[in-house]
Amino acid sequence: MELVFCLWLVLVSSQISVGTHRHGKPDWFGNAQRDLYESANRNLNTNKAKNVILFIGDGMGISTVTAARILRGQLKGQLGEENLLEFEKFPHVGLSKVYSSDRQTPDSGATATALLCGVKTNSQLVGLDDSAVVGNCTSQFGAEINCMNDWFEEQGRSMGIVTNTKITHATPAAGYAHAASRLWEGDVQMHGVTGGCKDIAHQLIYNNTNIQVLFGGGRQYFIRNRQKDPQYGDAYISFQRQDDLDLIEIWGRDKKWRRYTPQYAWNKQQFDAIDPDLTDFALGLFNPQHMQYELERDAGPNGEPSLAEMTDKAIRILSHNARGYFLMVEGGRIDHGHHNNTAKRALHETLAFEDAVKKALELTNSSETLIVVTADHSHVFNIGGNSYRGNNILGTVNPIAPEELPVDGNAWTTLSYGNGPGYDWGFRKDPKSIDTTHNDYRQVSAVPLLYETHGGEDVPVYATGPMAHLFDGVHEQHYIAHAMAYAACVGINRQHCNRGPNTPVFTPMTK
């Protein structure tokens, strides 16, 4: 039957390619038939996942993926719309419902807790269930939950975290910390907080000693306030630790005491010098705050590694463990670009995120590594107008029909926001008189806010590798953690793999 279908496809494709290419137009019919054949003949991979890599594009909703897809194509000299990002080629795609326990539109603390720990929770919480009260230290005791890192550690597998935000920011923090406020990143944020809670940076170093790779920003929360930052001196001293702890030194001392080989880096030169084959644990803190946007990233010796470079090195280090690993990679600055209504930054961050996914695909084997790409939430980011194919995605709508001309007579950009700082007070400026492709250009917003908000619609989930078909369909966001655990036979789903390493068996669990 498969041979018959294949021969039919070749016949149909050859027939239409003559007709549809006569005028140099795309082979729409043939392209669809080839896509259909690939879908119809796709085999399910039911292996046990030795490794799991979760890519979280912070704020990477469907409109962001679409715009980034077009931008990538246009940067390659194409019209753009026909392009596909690397993760859009994954065989299994679904949707994730992102609301939190208490909010229709969530924050990254709640969404990351769902993705990494398997339960929905209240916005602003990290690593806690929704019995905890935001900002109430004592309420977090008893509300702590185990997450992917815990489940993998139980089986002697390795763990790693890569982000271009602060390593203590909401998304990475949810996987290792338990805090009634995502804002408790360093001890300076906990002045006046009583009840014995520790800040997120403190928890990372003291309570998570077996996470083998930690790459990101947020250096200010790990060094004493009486020592100068190696790059910025006293610029961030007010955010540095008040408790006189040097968490970087403590991290290294712990690893050496346990007879491991640790490597610490704060710049690109030191990062490049880390030999994965000679490294057991790696800590990289490349900025006191968030790492730089990709568009402005300093790639020199005193600069910062890219998200793809950090992903590459993390995988090579974690791969030492024959039992496997869990790696979370966050493209966190997509979110920040959108919050500032600077679409170009957000889209280039999405492309840097895609580069990291591509690197992971190059370094892993789909027979044993499950890769899941998703967003924690979206943004109120829109693509509109009736532009011609290939119109610059960062430019103005072209053409504009007379009946579509705004009442002020000015053009408008293809990209816009529902709210945020891009609001034009008074008379709207004609974007044709402005360089809308500049890094700092803010797309117009409909409602004036200092900071653009998240969006509440479903976000995409892309999966490839063992048990990737579990991510097909529309699911609650916290389902993703359960599906990853099931594929890897960890945590609550460990006993379901009792028929051999490659045949997970499902028995519903009620708690």
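Backbone N, Cα and C atoms are what each Cβ position is placed from, and that goes for glycine too.
Here TrEMBL has ASP58, HIS169, THR171 binding Mg(2+), and the candidate from GLU296, GLU304, GLU309, GLU330 in that same listed site is GLU330.
For the pair ASP335 (Zn(2+) binding site) and SER108 (active site, phosphoserine intermediate), the C-alpha distance works out to 10 angstrom. In sequence order, ILE56, SER108, ALA112, THR163, THR165, ALA170, PRO172, GLY331, GLY332, ASP335, ASP376 are the same-chain residues whose CB sits within 8 A of the CB centroid of ASP58, HIS169, THR171, GLU330, the residues recorded for Mg(2+) being left out. In the three-state DSSP assignment, the secondary structure recorded for GLU330 (Mg(2+) binding site) is strand.
The secondary structure of ASP335 (Zn(2+) binding site), as reduced to three states from DSSP, is helical. Within 10 Å of the C-beta of GLU330 (Mg(2+) binding site) we count 30 further C-beta atoms, all protein chains included. Mapped onto three states, the DSSP output places HIS377 (Zn(2+) binding site) in coil. The two recorded residues ASP376 (Zn(2+) binding site) and GLU330 (Mg(2+) binding site) have their Cα atoms spaced 10 Å from each other.
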